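Taken from Swiss-Prot, the feature region 'Required for recruitment to cytoplasmic stress granules' applies to 1-43, supported by similarity to another entry. The annotation region 'Necessary for nuclear and nucleolar caps localizations' is assigned in Swiss-Prot to 1-192. Annotated region 'Disordered' per Swiss-Prot: 1-53, in sequence order. Positions annotated as region 'Required for the pre-miR-134 transport' by Swiss-Prot, on the basis of experimental evidence: 1-96. Among the features that Swiss-Prot reports, region 'DSM (DHX36-specific motif)' is placed at 45-67, with the record citing similarity to another entry. Residues annotated as region 'Required for G4-DNA- and G4-RNA-binding' in Swiss-Prot: 45-97. The feature region 'RecA-like domain 1' is assigned by Swiss-Prot to 98-378. Swiss-Prot lists SER153 with the feature phosphoserine, giving similarity to another entry as the kind of evidence. Summarising the annotation, Swiss-Prot assigns ATP binding site to GLY225, CYS226, GLY227, LYS228, THR229, THR230, SER549, ARG594, ALA595, GLY596, ARG597 and lists similarity to another entry as the type of evidence. Sequence annotations record features per position, and here Swiss-Prot assigns region 'RecA-like domain 2' to 379-620 based on similarity to another entry. What Swiss-Prot lists as region 'WH domain' is 621-690. For 833-897, the entry in Swiss-Prot reads region 'OB-fold-like subdomains'. Feature annotation from Swiss-Prot assigns N6-acetyllysine to LYS939.
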Amino acid sequence: MSYDYHQSWSRDGGPRGSGQGSGGGGGGSRGSGGGGGGRGGRGRHPAHLKGREIGLWYAKKQTQKNKEAERQERAVVHMDERREEQIVQLLNSVQAKNDKDSEAQISWFAPEDHGYGTEVSSEKKINSEKKLDNQEKKLLNQEKKTYRITDKSYIDRDSEYLLQQNEPNLGLDQQLLEDLQKKKTDPRYIEMQRFRKKLPSYGMQKELVNLINNHQVTVISGETGCGKTTQVTQFILDNYIERGIGSACRIVCTQPRRISAISVAERVAAERAESCGNGNSTGYQIRLQSRLPRKQGSILYCTTGIILQWLQSDSRLSSVSHIVLDEIHERNLQSDVLMTVIKDLLHFRSDLKVILMSATLNAEKFSEYFGNCPMIHIPGFTFPVVEYLLEDIIEKIRYFPEQKEHRSQFKRGFMQGHVNRQEKEEKEAIYKERWPAYIKELQTRYSASTIDVLEMMDDDKVDLNLIAALIRYIVLEEEDGAILVFLPGWDNISTLHDLLMSQVMFKSDRFLIIPLHSLMPTVNQTQVFKKTPPGVRKIVIATNIAETSITIDDVVYVIDGGKIKETHFDTQNNISTMSAEWVSKANAKQRKGRAGRVQPGHCYHLYNGLRASLLDDYQLPEILRTPLEELCLQIKILRLGGIAYFLSRLMDPPSDEAVVLSIKHLMELSALDKQEELTPLGVHLARLPVEPHIGKMILFGALFCCLDPVLTIAASLSFKDPFVIPLGKEKIADARRKELAKETRSDHLTVVNAFEGWEEAKRRGFRYEKDYCWEYFLSSNTLQMLHNMKGQFAEHLLGAGFVSSRSPKDPKANINSDNEKIIKAVICAGLYPKVAKIRLNLGKKRKMVKVHTKSDGLVSIHPKSVNVEQTDFHYNWLIYHLKMRTSSIYLYDCTEVSPYCLLFFGGDISIQKDKDQEIIAVDEWIVFQSPERIAHLVKGLRKELDILLQEKIECPHPVDWNDTKSRDCAVLSAILDLIKTQEKAIPRNLPPRSQDGYYS
């Protein structure tokens, strides 16, 4: 039943008075606290209450007081008379759409002279669009074709190598053989051969090739430095060329990280006396960047995600002869999924050769997963490394902590943080049980002083004072060689750096101290690979990035802090957690291996022998500790079957709870229907290479014509923001970031402002770009990556029909890009329901804000946010990208949003009455005051928006903003006009002293 929007409008065209109802400014329930009886005057508790009852009485009274304060703080949703009348006419006109002959000729202008009118679409047109959509859905489910692709170039760019044919070519076979023979006389090739022959893998060349040729799947295990990544692919290619069938060989080797794919490809090309790519034998392909090799007789190194993307275009990888999955022991989510896909693919591609390459410790597990396929081990190439445990270090350097307020061993238990998995709790119990016997055993071999220090050590923290003392000892007592320190995160790296620099000795030019972290400027990090001059000692302080991603050749001393930052996903509370946890045995082994690459080395582990015996063999696979929404969409777009069924066949299947929660979230997002099939929106989100909420934001940025800034935000959220934090300049960097915020109260718009400033500086020349990045602590490499990603997103939108140009800056797609409020509305559309409420706390000393979420209660804005110290908010709602529990629950990347943003782009709307207040609520908890007639207008407009958006998603085409008679233009213009003109929302009935605070 439709609502009559005329019923609330008086005959003279103005709004009817809503009446004061239960009148006048509050008063009301004076005695609501229950007062009465003797002592109950002036808010005191009743005299008959005793002990705990008194506390409960006051708690109940405070709860009632808080609820009433919250009621009074509700913002008022209102609109002026002119807009109200216009929207009444618009909605009544749209309701008449079933009358085929009615075509409203209404046209009017908002106060900003922004006219919007309506033209009723015919039923015939709607039916034809639905019919077209049904045909397309049928295509999606039955054929391997792209959904509504009008321009295939955006798919083909990263798939160029895959889409090339691989047919036998006798002429090419002969040419490849001649080229290889010619290489053997090339001085560069000969020099490289000398190096290659020293690698352990080189002596096993014949054995490796025979095993691969005679089996469909082979597992190769080998220690760091054995040469498996660079040599195995070359052995295969050269064998094919020498057998005269080189054109049939197309090897693709996956790498878990971009930096690895590039560096390995360049190394292999150099070993073959060639340049990387350019039609030679070796190249690489990573997202938005490639140097492709020749079409046939070639090796391509690529990131795992590239293969998953290829599978959308060719589910059988028809043109690939060999697929090498490298570093699979790392167990990242994409490699685990790809293994299962490849396992299924083997049934259809009996000619496909699969080579799995892993570190030594768990090769058997991969062999078992692939039907007990053959394994071969390549020995490592490292010098002996002496290992020291915590008790050895304390004894060796005679360490005694200056501060004695260390906590007990068992105050927080085996694991730091909030990860309470059963196996961890069991290990904690074992640790506590064995500790007395372990200490007793140590007393026979170590001094009493060492035992005392061990007893007082705080297991929760990495002892940075101990590390500083150990570095000093190595520098003064041991021989030359670089020192590599492994720490969990940025805060530890920063503190240790400060500790060292506070000592006069380390300030001299005899030391080069290099922090290595993703937040650090990359220009500083290039020094890490350079050999230092004689007399200068390099000290590298790094996270686990230095375990496998990069190799620092001159390291002799490794200090293993014993902890690693690990993200988990708590399915019960629907929250990500990050904590510093103990390393696994595999981590410890990798760290030890960093010390013996060029000469005998030393590795110092900052945990005791009992702890070492209880370490996990490996880190928990990523798929068991991460949200699965993006993966679920990939499973559906690749047509891999039912989500739960496919995930159950992984090497380590995620929990049923995690799968159910992800499917539920995707249904709430309207990406999956009740049968777990992709909706039209789901198809678009699955094709975008970002997580679903960011994908939805991208689509809305196109629909609401604020494309360029929204793509900047989406790229930053899915990659990383461009800010860097040089050590010692943290406060200046924070100040510069707040300067870029420009009073937007938005981390997202801060990135937009930073990016636009960079674009302007870049247009003026390299020197201006460099100065701009230096002044505002920005990474030009990251900004360039964001620029490239924006181009990729725009091509996806063009291919799907949402925009008419591949340029993010196309004027037609950016009509509203200068309007901050509309951009915030689109951010809200993408990130909802990630909403938090702000409450202004007017304390005696200074104003403060408290932030709450529906499920967690009190939370904190992350210290790096531009909103962390903000008190003058215009509204009291934030939308955020990420909620993570570390030492407390933090909100990352948040933006203040207005009531209309939440009403039009949030959840379900309901209209209710709360005592004397008429209210409109979003999902029952985001509540605003609103006269009933206004609430019905908003709800009616929201309903029309939902219908329009559904049509746009099912049959994408750009909005024609010049067609002021169309329904699309009329509805969108009315909504955008309300959002743009939303005033600061101050509740009508707040006490006068609070009127300087803004609410909504």
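Every residue, even glycine, has its Cβ placed from backbone N, Cα and C.
Here the structure is a predicted model, which means the values were calculated and not measured.
When secondary structure is read from DSSP and collapsed to three states, THR229 (ATP binding site) falls in the helix class. In this structure, the CA atom of LYS939 (N6-acetyllysine) is 60 Å away from the CA atom of THR229 (ATP binding site).
When the region 'WH domain' (621-690) is classified with DSSP, helix, strand and coil residues number 39 helix, 2 strand, 29 coil.
Within the same chain, the residues at least 6 positions away from GLY227 (ATP binding site) whose Cβ sits under 8 Å from its Cβ are ARG196, LEU199, PRO200, SER201, TYR202, ILE378, PHE381, listed in sequence order. Residue counts for the region 'DSM (DHX36-specific motif)' (45-67) under DSSP, split into helix (H, G, I), strand (E, B) and coil, are 16 helix, 0 strand, 7 coil. Note: the region 'OB-fold-like subdomains' (833-897) comprises 0 helix, 37 strand, 28 coil (DSSP; helix = H, G, I, strand = E, B). On the 0 to 100 pLDDT scale, the region 'Necessary for nuclear and nucleolar caps localizations' (1-192) averages 59 in the predicted structure. The Cβ of LYS939 (N6-acetyllysine) has 18 other Cβ atoms within 10 Å, all protein chains considered. On its own chain, GLY225 (ATP binding site) has GLY380, PHE381, THR382, GLY593, ARG597 as residues at least 6 apart in sequence with a Cβ closer than 8 Å to its own Cβ. Local packing around the binding-site residues THR229, ALA595, ARG597 was summarised as the count of other Cβ atoms within 10 Å of each Cβ; on this measure the leading residue is ALA595. The residue listed as 'N6-acetyllysine' falls within a helical segment according to DSSP.
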